[in-house]
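I have placed the structure first, in the form of structure tokens, so that the comments after it can refer back to it.
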Amino acid sequence: MNYPNGKPFNRNKTKVGRTNDHKSSKIKYGGRGMTLEKEIELSNDYYLSIGKAVIHKKPTPVQIVDVSYPKRSKAVIKEAYFRTPSTTDYNGIYNGYYIDFEAKETKNKTSFPLQNIHEHQVMHMKAVHEQKGIAFLLIRFKTLDEVYLLPYVPFEYFWKRYQQEIKKSITVEEIRKNGYHIPYQYQPRLNYLKAVNKLILDESEDRV
């Protein structure tokens, strides 16, 4: 993917590619108070139940500080702390493709703050991308009730811009142009694999 004049190259694909369809497709199955994590969990359960994909949330690492042994056969954790995850939130297999992604939501109406992303997560996504895996972010604008899949390649541009202290966030318009809108529906709630299909198609056309 090329970035002429230092800006992301926004492909104007056919209608099966990325399109700005967030206005026309907003069927009100909506968020209904659910967190993005819960919506992804329900969707992943559905994918698994129909044999479409095996995608799970990675467990949050825990550092155990104090353990007592009231009985020889039974240990009791007295003190423990959640550690910062070293990779992304989710991974799995879909149609022979390795999927790896981070999920974030924001109440901001106009942009996604990049301070919500950690350097080690970006390095992990880069490594996945270099091994031909599919790495991306799922970003939910909570107030707008809109969810987007932002592929790693355009995200990398925005991340470098952030590191250079040019801009600390990605505007919602930049995400709409460089990402894939995921409308809510009945089953699954958040059919993000449909957006993954579009991403796979676009990347295969780029390699031709």
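Cβ atoms here come from the backbone N, Cα and C positions, even for glycine.
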Residue from Glu102, Glu130 that Swiss-Prot also lists as binding Mg(2+) with Thr87, Asp89, Gln121:
Glu102
Could you state the CA-to-CA distance between Gln121 (Mg(2+) binding site) and Lys104 (site 'Transition state stabilizer') to the nearest Å?
12
What residues, ordered by sequence, lie under 8 A Cβ-to-Cβ from Glu102 (Mg(2+) binding site) and sit at least six positions away in the same chain?
Thr88, Asp89, Tyr90, Ile117, Gln121, Met125, Leu137, Leu138
Quick one: pull the CA-CA distance for Thr87 (Mg(2+) binding site) versus Lys104 (site 'Transition state stabilizer'), whole Å only.
14
In which DSSP state, out of helix, strand and coil, do we find Lys104 (site 'Transition state stabilizer')?
strand
